[in-house]
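Annotated features, as they stand in TrEMBL:
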DOMAIN    13-194  domain 'Glucose-6-phosphate dehydrogenase NAD-binding'
BINDING   Gly16, Gly17, Thr18, Gly19, Asp20, Leu21, Ala22, Lys23, Arg50, Glu92, Ile93, Lys155  NADP(+) binding site
BINDING   His185, Lys189, Glu223, Asp242, Lys347, Lys352  substrate binding site
DOMAIN    196-493  domain 'Glucose-6-phosphate dehydrogenase C-terminal'
ACT_SITE  His247  active site, proton acceptor
Amino acid sequence: MKSNKKADATIIIIFGGTGDLAKRKLLPAFYNLFLEDWMPDKFAIIGLGRTPLDDEQYRERLHEGLVEFSRTKPDKSKWDSFKPAISYFISEINKEGSYKELAKKLDAQDAEWGTRANRLFYLSVSPQFIEAVTVNISKAGLASDAELDRIVIEKPFGHNKETAIELNNMLTQTFQEKQIYRIDHYLGKETVQNILAFRFANALFEPIWNRNYIDYVQLTVAEQVGVEERGDYYEGSGALRDMIQNHLLQVLCMIAMEPPVSFQAEEIRNRKVDVLRAIRRIKPEEVHQYAVRGQYADGWLEGKKVPAYRNEPDVNPRSNTETYVAIKFFLDNWRWQNVPFYLRTGKRMQEKTSSITIHFRPVPHSTFANSQSDSFMNNRLTIDIQPHMDIRLRFMAKKTGLEMDLNPAEMIFDYDKCSTQTPEAYETLLLDAMLGDATLFMRSDQVEEAWDVITPIQEVWENRESLDFANYAAGTWGPESAEALIAKEGHVWAVNLHSK
Ligand SMILES: NC(=O)C1=CN([C@@H]2O[C@H](COP(=O)(O)OP(=O)(O)OC[C@H]3O[C@@H](n4cnc5c(N)ncnc54)[C@H](OP(=O)(O)O)[C@@H]3O)[C@@H](O)[C@H]2O)C=CC1
Ligand SMILES: O=C1O[C@H](COP(=O)(O)O)[C@@H](O)[C@H](O)[C@H]1O
């Protein structure tokens, strides 16, 4: 969460510097921070990988990434001033010798600047390498200063609760908790951060933000893309681990948390972990009542035929991996007792859209005769996270005319009307990591609680044999069972309603 200050001298060391994430997200984020004068006055970016490249060839690769993925296209003179800070270091993760050489490079940079710089170790590598990198960093004494040195860990953080605990234990042998930045890029999204401002900087909403006024809450993260080139990873993950365990549960925390006393990282994280602890654990025998899963069949998206999940590259043709999940959660605390929180996410859905919808209770007594259905008359607050970013409040208003007839109307805050460009999530998060602000990163207990929430579902799904996959066509809103899941309560998925 940015203040107006810049970080002190910083060296960013990217393990996996030749990988997709570095090219697609990390370097464009650093470049845009540089353009907007957020990078430290002294900074260096060292990319690591085994691919034989020299500095100039590495910079050229990253430049291609900027052209393709950056929200601002690279300007020649700006790129020329940015690129000397980038260098490449050929290294094998498992070889201790590489880290000794890296130590020399880091020390030389410190000597040149005349100061011990902050070191930000970014692990943009497959999770199987986290232990080797951490142990070797420790052996080579690269992270000797708990105040200056930090490590950023990408998702997935563990494969289940047990492995997440093991990973936390392993990391804390080298790093203190305050040095560990577990990234969840949803927390860096502008609209997700705005939930905190919306809830806690306005007196208007807090009094009604509870079970007395809110009927139910929905969170949808729908993607049009399929599994793309990530079949190998996704087969071992599925939508529950890939999206619910992290992004959707983190957003749920922002919606449901109690007002924090301050905006200190620990305070915010304490309030969020309270929410995760309050989520009622689903018993194995109840999983079918609370959760549904799906897998896409072939279908049509925007006029193009797209293949079924089982026909995607690196996917088992008899795969049981879910590409769609919908879950009904309850929170056992005073604020939210008996308010359903519906979470759903899926690939190959009809629209790309991520949004939160708060459905308010109906008026206690209906004064007006109206042709609209009751649920359509209820107030509704929608926070559109992406691709369109806005906050919309639906209320009933009188239809212009001589009769007293009602119509829904909307008050809209539209980000498109703001003059400043919206930063990418990785820009916010990388800046925070450089500044040492962990507010938007996950603490160990948050990750473990989030795994705990999904464990029963995960275990039942992994052990159940008969599946009727594929059960939704690509280009639709997912399996029919997801509609049934909430129809039982007389509820309806808001996005479907919205797009009709
Ligand atoms: N790509 C994305 O959009 C996202 C990625 N992530 C996470 O980020 C991490 C990185 O993903 P991604 O960039 O896609 O992965 P890639 O497969 O594209 O890149 C892997 C990187 O690891 C390096 N590497 C692999 N083995 C070794 C080794 N033995 N020694 C040294 N370097 C090695 C590769 O370098 P080289 O080949 O040069 O050796 C390459 O730079 C993963 O944890 C992923 O889950 C998270 C969210 C989104
Ligand atoms: O972490 C992940 O997120 C993306 C979706 O991110 P978004 O910012 O485009 O909404 C998802 O496609 C991917 O499977 C998952 O690993």
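Each Cβ is built from the backbone N, Cα and C atoms, and glycine gets one as well.
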Listed binding-site residues are Asp20, Arg50, Glu223; which sit with C-beta under 6 angstroms of ligand 1? Asp20, Arg50
Got a sec? Which of Thr18, Ala22, Asp242, Lys347, Lys352, the binding-site residues, have CB under 6 Å of any ligand 2 atom? Asp242
C-alpha of Arg50 (NADP(+) binding site) to C-alpha of His185 (substrate binding site): distance in Å? 26
Same-chain residues six or more away whose CB lies under 8 A from the CB of Lys189 (substrate binding site)? Ile385, Gln386, Ala425
By a three-class reduction of DSSP, His247 (active site, proton acceptor) is assigned helix
DSSP secondary structure for His185 (substrate binding site), reduced to helix/strand/coil, please. helix
Using C-alpha atoms only, work out the spacing between Lys352 (substrate binding site) and Thr18 (NADP(+) binding site) and round it to an integer in Å. 29
Other CB atoms within 10 A, centred on Lys347 (substrate binding site): 25
Out of Ala22, Ile93, which of these binding-site residues shows the lowest number of other CB atoms within 10 Å of its CB? Ile93
For the binding-site residues Asp20, Glu223, which Cβ has the most other Cβ atoms within 10 Å, all shown protein chains included? Glu223
Could you pull the average pLDDT for the domain 'Glucose-6-phosphate dehydrogenase C-terminal' (196-493)? 94
